[in-house]
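Noted in TrEMBL for the protein shown:
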type	residues	note
TRANSMEM	25-48	transmembrane segment
DOMAIN	40-288	domain 'G-protein coupled receptors family 1 profile'
TRANSMEM	60-81	transmembrane segment
TRANSMEM	101-123	transmembrane segment
TRANSMEM	143-161	transmembrane segment
TRANSMEM	196-224	transmembrane segment
TRANSMEM	236-259	transmembrane segment
TRANSMEM	271-290	transmembrane segment
Amino acid sequence: DHVNYTWTRTFILAGFTTSGTLQHLAVFGTLCIYLLTLAGNLFIIVLVQADSGLSTPMYFFISVLSFLELWYVSTTVPTLLHTLLHGPSPIPSSACFVQLYVFHSLGMTECYLLGVMALDRYLAICRPLHYHALMSRQVQKQLVGVTWLAGFSAALVPAGLTASLPYCLKEVAHYFCDLAPVMQLACVDTSWHARLYIAVIGMINTCNLTFILGLYGGIVRAVLKLPSAASRAKAFSTCSSHITVVTLFFGSAFIVYVGPPEIRAEGRDKLIALVYTLLTPFFNPIIYTLRNKEVKEAFKRVTQRINAVLK
């Protein structure tokens, strides 16, 4: 019965309903987290480039993750801030679909990149004699290129099918254009689209998570064979930051995209989405710096060099 509707060229992002003091606190808090996220990830990128002590595969991949997070958080937070400031906000349908595609491309790229980082830790701990040969600079660049290509290619399917649907309704029950909230506005039945999206996203997330868990199973077996408790603790410490990031990213993504429909129906997906669109990019630099002695020492060396130049 969609013939009675007027097809829309503009969507309206509903965002969060706030007013008064709560609105000001939400805007201020979101803006602070956003700026700190940008600063933290830029700090890691600059530090890895500036200090030769961090010119290892692990820190190269961490800097790539920080670069990805800069784009990832900037895809959604500006529209979140706009809806917090102005309430429900219009967005052209073309811009909406571009946002949807870029967001999911970056999310899937991060999914693959976390798998590559787990592979790096596995080779460093389980194949230490061959590590530098297996993880040369050329191999590192090729792995990063593959993750970006795979992420942006995989997102073509859900984004392309979503953009091809006819839309009659306008209000997106979210603060950015995501798959499920946008599909709810279509004039036609989208149940098979939803099943396809869950299958594609669920398969990619499940395969990568299984790959990561398998690698960490090998890491645990190798570490437990080490002779001293100190060497075991040191080996596990190099993996703890990555495990924390993996838990935050995959946990929230699975709940929203593969979890029960009740979560999306009751609007909880907006709150859970804040975890991986805002909080995870914010915590990543903290996780990789505050718990890492090498980063702290590199920061001291760079600071000393800057002070020497200024003097």
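Quick reminder: no glycine exception, Cβ is built from N, Cα and C everywhere.
In this model, the domain 'G-protein coupled receptors family 1 profile' (40-288) carries an average pLDDT of 87. Tallying C-beta pairs under 8 angstroms between the transmembrane segment (196-224) and each of 25-48, 101-123, 236-259 places 101-123 first.
Sequence-distant residue pairs (6 or more apart) of the transmembrane segment (25-48) and the transmembrane segment (271-290) include at least 3 whose Cβ atoms are under 8 Å, placing the two stretches in contact.
Here the transmembrane segment (236-259) does not lie next to the transmembrane segment (143-161) in space: the count of CB pairs under 8 Å, restricted to residues six or more apart, is fewer than 3.
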